[in-house]
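Undergrad: Annotations per Swiss-Prot:
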| type | residues | note |
| --- | --- | --- |
| REPEAT | 23-49 | repeat 'HEAT-like PBS-type 1' |
| REPEAT | 54-80 | repeat 'HEAT-like PBS-type 2' |
| BINDING | HIS56, GLU57, HIS89, GLU90 | Fe cation 1 binding site |
| REPEAT | 87-113 | repeat 'HEAT-like PBS-type 3' |
| REPEAT | 175-201 | repeat 'HEAT-like PBS-type 4' |
| REPEAT | 206-232 | repeat 'HEAT-like PBS-type 5' |
| BINDING | HIS208, GLU209, HIS241, GLU242 | Fe cation 2 binding site |
| REPEAT | 239-265 | repeat 'HEAT-like PBS-type 6' |
Amino acid sequence: MVSQEQIEAIGGVLNNKDRPLKERFRALFTLKNIGGKTAIDAISKAFDDDSALLKHELAYCLGQMQDPTALEILTKVLKDTTQEPMVRHEAAEAMGAIGHADVLAILEEYKKDPVVEVAETCAIALDRVRWLQSGQQVADNNPYASVDPSPPTAGDKSVAELKAIYLDAKQTLFDRYRAMFSLRNLCTEESVLAIAEGLKDSSALFRHEVAFVLGQLQEPCSIPYLQENLEDHKENEMVRHECAEALGAIATDDCIQILTRYADDEKRVVKESCVIALDMCEYENSPEFQYADGLSKLDGTK
């Protein structure tokens, strides 16, 4: 059992702007794993930080925790137009992940947001909440401990059939996401390469989710695709950030070399993502028991 004092101490690390960002990230993921109101309160306090990357990750973690207690702060962040688009987008996605009917009205309102990534995210989150409310069941062979923005496509479809839906810009983003998560769950080289083709899509939101999924898969065959988008300085920084973190999850020597080159990128979000990704590479290539090591850091153990 984790004590209140321990949770507050980990929250102190997260909210200490003098600590290295990689330490604050590990503290955040420790709080996510612990859960509960005290952890949510500690995470919520950090939304006044000046790092868009950190705030985006705060919202992501609150969504993954699926605790309706977080809806108040997530709604506030979505409404706050002074927050960076990637932060507001992640708040909307987190509201969809929590899946409570109370969010329908606010998501409907912000589906018309002038920021495209925010509007598209609200539309997908709305579809997810409505899908949950419909009571439909689908076999979800998700091998990852993630709450996805959509369920996989219903029924057994081939890679070719799923790829056709996935790359069809006429389909709704929700249905294209469903096909993507089905391709991910197949986890073959053919399905991974099909997913990688999505990095050429016209929607920055879609490309960023593609990169996230490739990071979950951790398949080296996707490295050249992720590298190309990371190295493109005209690419949306939200996409470049997600490509960097995906390379950090794959964690080969090639990934480390690519990330090291961009660890001083002129875009702060990209630079910080490469630093966090290099820390993830270090973890992936070490005997460390877990990445979210805030508790062991508190008592001095490894």
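Note that Cβ sites are derived from N, Cα and C of the backbone, with glycine treated the same way.
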Undergrad: Please figure out which one of 87-113, 206-232, 239-265 racks up the most CB pairs under 8 Å against the repeat 'HEAT-like PBS-type 2' (54-80).
TA: 87-113
Undergrad: Short question: which residues 6 or more past the ends of the repeat 'HEAT-like PBS-type 5' (206-232) have a Cβ under 8 Å from it?
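TA: Answer is 144, 146, 149, 173, 176-177, 180-181, 184, 187, 189, 192-193, 195-196, 198-200, 238-252, 254-255, 258, 262, 270.
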Undergrad: At the level of the C-alpha atoms, what whole-angstrom distance separates HIS56 (Fe cation 1 binding site) and HIS241 (Fe cation 2 binding site)?
TA: 11
Undergrad: Count the other Cβ atoms sitting within 10 Å of the Cβ of HIS56 (Fe cation 1 binding site), across every protein chain shown.
TA: 25
Undergrad: Just jot down the residues in the same chain as HIS241 (Fe cation 2 binding site), at least 6 apart in sequence, with C-beta under 8 A of its C-beta; none if empty.
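TA: Expected: LEU53, HIS56, MET86, HIS208, VAL269, VAL270, GLU272, SER273.
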